[in-house]
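**Student:** Starting off with a structure, shown below.
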Amino acid sequence: MTAAIPHDRFLEPVSHFRERRRLRKRRRLFAKLLLVLLGVVGLAVSSQRVVMAPGLELYLGPLFYLFAYWLFGVRAGVAMAIVTMAPTYFWWGHPISVLLGVGHVLFLHWIGKRQASYSIGSLIYGTTVAAVAGYALIIWNYEVPPALATLLVLRKILNDVLFAAMIDCFRLLLQVDKRRIALVRRRCVWLPAAVTTSTMFFAVVGCMALFVVEVGNFSVRFDAAIRDVDLQVLKITDEDHAAVHRVRGEHLVQTFMGPVRVILAPNRSMLGDTAAIGRELGCTTFDDGRQVTGPNDRGTFAYWVNACRIGELGGDDHRLAYAASIRPLVLKAYQTLLTQLLAVIALAALGILSCQWLRRLTHKTMISWFEVVRDFGTPGLIAPPPVPLKDFQPAIDAFVHENNAYVALAREREQLALAVGELKSAIDLTLVADIYFDQARGELVFDVLDSTRRERHRILIHEGDRQELVTAAGRSEAVVEFRPAGGSATEWHMLIARNPDRHARWKAGCMLRLRQSKIQQDRMLHQGRLMDLGGMASALSHEIKQPLFTIALAAENALFHVEASGDESLQPIVKKLGRIGEQVDRARSIIDQVGHYARLETPEGELFDPMEAVTASASFVRPILVADEMTLSIACDQDRSLQVSMARVGLEQIVVNALQNAHDSILTRRQGGDRTPGRITIGLRAVDDLVEITIADNGTGLSGDASSKAFEAFFTTKGPHRGTGLGLYICRQIMIEAGGRLDLANGPDGGAILTITVPCRASAEPLLEHQP
């Protein structure tokens, strides 16, 4: 027996279909009602024309039929054009405006696939189809000069394009939700559409504002011209009062806008009927002060271009009738208005050209954007030529840069993935993550990455290498060599870390054990040259000490004999012999110092006050500075003593070398003609857990790349036979062993500044005064 199938399974889709059909019918009915309501409102509003001056009026029909075309499509737009433009038939007596409104909608629909802007489409339509039809109608039907036809066509173009630009603004900001039959705000807009709409809107609004101003002035001039006719007629009656009041005659009246033909008669009956006056003066309409209704009323140009003004002047006892052909005045006024509106035409042309120019620039810029984005992921992507809109160039350059960085990173990761296996087998490589240096404990903390787990590790760092890790914190890519505390002096490790976060933690990196550290490599590279220099220094020391010994012995013998003679007149000789002995001792000290430069030693560290070492070094060099008229001052801003841990002789050697370099720099400046007094200043202060010693001079300073190469071995700027180029190099090695650093830079007021930075240990004892 076959089971019965519930019929609800078939009825449910049918019920849904019926429900959707009912909803569609309701939406269509609502749309039709909305369209009818829009038509009623549009007809009521469009029936009211805005007459700014005779023959120059605005009408709101285009606003409603373009709005209907946007909301409901071409059929609704055509129907709305017929309804809202129908009142123009009763104004002007012809259906041309209705036909042009229908053609306007159809033209926008036809050109819509190529030109989405209603304002540009309306401008094209107005300057082609509407202009030709308007010219043909006005010139053929009303027999007016081209200037007046041009003025009327310009008025229509401005009227239609203005309302089209307003609809474009609505379309830019709103979109039609056909399901709900409602307007909703757009969340994003097209840049070319925004450029075109805004440019056209402001250009058309500006043109319309100028047009309204000029038309207002035209209305004033037009009324003044009509009043001037009455004034000139009164002048004629005053000049020939008797003749004018007896017979009917024709006169030529000169107004401020030109001559006017006038017929004067003692009364209205003698003036004749309107037909006779029209034949005589060429008029078809007569302005006698009565209200005119129907087509071509007093608000239209057709009324005035063929009008004769009929009126009566004078008092109750002597009244005078006249008829004047004002066509010349009207045509002259319209021609003057067109001339003054040339600025509006020029502004409109400029706005259109600007719109098209901006649109073209935007189009080219978007093409460049598309080409760059299309090539995303391409190695070695090259930025396109400069785009027209410069505001987009930084974004394009940044995209190209980030693309190349991304491709390089992807390649690097691929190569790293291939090399990791080989590196792990060849060297002791460890992949690490979440790396940071705990400065308080002196520990390097990291996670060891393995294929199965992730473990947290800590390594206590040697005191001499902690400063390197502190300096490297926050770098995008850090490469640091270090030794574990308590390990062998030859046990070196290298940390390579990348991608730090805002807490100075590197996200990823690796560690490997070095067979030989970079410092040791540098020592070996220069060891041969240092050994040769050491031999030369020893031989030089031996060769110079022998003559110095002979000189010192001869000076002592001469001094002995002079003192033994007891002759007071020989006291100047005694002083000079003493001076010879002092200079011999100085020469011996210099020879010993040269020997120190040739030896790369690593003395044991000790705790001492750095101020004492600075004072001792200054005392050693002070005689040389005093002899060359240079001042030396020491400043310390600490009120408590400081302790540093390193070889004291190493710090003294660095200070002495720095003072000697400052002395030589000041002498070089003097040789150039600058006789400013030589000045050397030593400063000492504590910065966090570091001691900072600065040695500043007012010498020649650094030039070119001297600051970057000054610490290289055998680099010197002192010229031949004046320096070995090893002083700062050896000083730098001493500071690296001590966990400190040396920095050399130009001073703010000239000269150079050498900064010595070394870790310190604060003491609670007050700082004693030190004098060099």
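Note: Cβ is positioned from N, Cα and C throughout, glycine not excepted.
Sharing the feature lines straight out of TrEMBL:
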- 29-46: transmembrane segment (TRANSMEM)
- 58-83: transmembrane segment (TRANSMEM)
- 89-111: transmembrane segment (TRANSMEM)
- 123-142: transmembrane segment (TRANSMEM)
- 188-213: transmembrane segment (TRANSMEM)
- 539-762: domain 'Histidine kinase' (DOMAIN)
**Student:** Below 8 angstroms Cβ to Cβ, which residues of this chain, lying six or more residues outside the transmembrane segment (58-83), approach it?
**Tutor:** 31, 35, 38-39, 41-43, 45-46, 48-50, 52, 97-98, 101-102, 104-106, 108-109, 118, 122, 155, 159-160, 163-164, 166-167, 170-171, 176
**Student:** Using a Cβ cut-off of under 8 Å, list the residues of the same chain at least 6 residues beyond the transmembrane segment (123-142) that approach it.
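**Tutor:** Cβ under 8 Å, 6 or more out: 94, 96, 99-100, 103-104, 107-108, 111, 115, 148-149, 152-153, 156-157, 160-161, 164, 200, 301-302, 305-306, 352.
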**Student:** As a test of reading the model: what is the averaged pLDDT for the domain 'Histidine kinase' (539-762)?
**Tutor:** 77
